[in-house]
Amino acid sequence: MNDVPENANEDCPGATSADAGKAFSCTGCPNQTLCASGEIRRPDSDLLAVTDRLKNVRHKILILSGKGGVGKSAVAANLARALAVNDKIQVGLLDIDICGPSQARMLGVEQESVHESGDGWCPIVVKDNLIVMSIAFLLQNRSEAVIWRGARKNALIKQFLKDVDWGTLDYLLIDTPPGTSDEHISIVQFLLQAGSVDGAIIVTTPQEISLLDVRKEINFCRRTKINILGIVENMSSFICPCCSNVSQLFPRTTGGAEMMCNELSVPLLALLPFDSHMAKCADSGEDYFEKYHNSALAKEFEKLAQLISK
C-alpha cells in the first residue's frame, strides 16, 4: 500500500482511507492525529520534487540481495557498464548503500567530488552516457565510517532522488544494501509514491545459505508490490583461464537459483561465471568490458543487458 506512513502500525488502513486515524489498528500510532485531521493527506512537497526530478527517467530498477558478499554491487556496476556499451542508451547508477558504498571505487571515480549547479547536485560522469551518485563523493575521508540512524539515511536517499540533476535517462539502476532495511523501505516508498519502479533484480550465489535470504527478499518484494524482474546467480561457476574447464565454486545442495526460481515462479535472468579479472577491475576501477570484452562473463552481462532492455 503506497499511502502507508513508514512509521505506521502494522495493520495501517492507509493515510487516504476513510478509516485513517479512526480504525482500531490506528491506536497508539504516532500518525493517528495527523491522519484523523486529514493533514497527512496533503501533497508532500518533497515527493512532488522527486516526481518532477525523475519524470525523464524511463526505467528505474532496484538491485537487491539477501546477503552481503554475493557480488550485488559488482553486478550493478557491470550491468550499468553493459547497458552503456550502447552509446545511445543513457544510464544512471545510484548507490544507496549508505554505510558501505562501493560504486565510486568500482567505476574508477573515487577521487571525484560532487558539485552543485542551478539545477541541483551534479552526478559524477563515468563516461558520456553513464553517471553515478553515491555518499562516497560527499565524505571528506574515504575511510570515514558512516554511523547513521534510519531517519538520517532516509533523508539522504530522498535528497539523492529530489536534488540530483539526473536529467534524461533510459535506466536508473539503484544499488541497495543487502537485506531489507530502512534504506529499502524508504526507496520503495519514495519511488512508488512519486511515480513507479520497473522492478527488482535479486542477486545470489548458488549455495542454500544465500538462497535462504533471497526467499525473504522475494517475500519483501511481493509484500511491497515490487515486480521481480528476476534472479541473477553470481559466481555460478569457475572457468579455468588455462584450460577453459568449468567447475563449481559453491555446492548446489538444494539445486541453486534455478531450482528455487522454478519453485517460486520467479524468472532466472543469468548464471554468471566467476572471473578473477573482473574482481581486479572492480578494485582498480577499470572498465572490465573494455579490457575483456570477449570473456564468457562479459558475454553473459551483455545477454543480461539485452534481457533488461526488452
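Our numbering is plain: 1 for the first residue shown, then up by one each step along the chain.
Cβ from N, Cα, C; glycine included.
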- Item | Site-mate of Cys26, Cys29, Cys35 for [4Fe-4S] cluster 1 in Swiss-Prot, selected among Cys12, Cys99 | Cys12
- Query: So how many other Cβ atoms are close to Cys26 ([4Fe-4S] cluster 1 binding site), meaning within 10 Å of its Cβ?
  - Reply: 21
- Note on the structure: Candidates Lys67, Gly69, Val70, Cys243 (binding-site residues); nearest Cα to Cys35 ([4Fe-4S] cluster 1 binding site) turns out to be Lys67
- Residues near Cys240 ([4Fe-4S] cluster 2 binding site) by Cβ (under 8 Å) yet at least 6 apart in sequence within the same chain, in sequence order, are Val246, Ser247
- Task: Could you round the CA separation between Cys26 ([4Fe-4S] cluster 1 binding site) and Gly69 (ATP binding site) to a whole angstrom and send it over?
- Result: 39
- Note on the structure: Under a three-state DSSP reduction, the secondary structure at Val70 (ATP binding site) is coil
- Task: Check the Cα-Cα distances from Gly71 (ATP binding site) to the binding-site residues Cys12, Cys29, Cys243 and tell me which is shortest.
- Result: Cys243
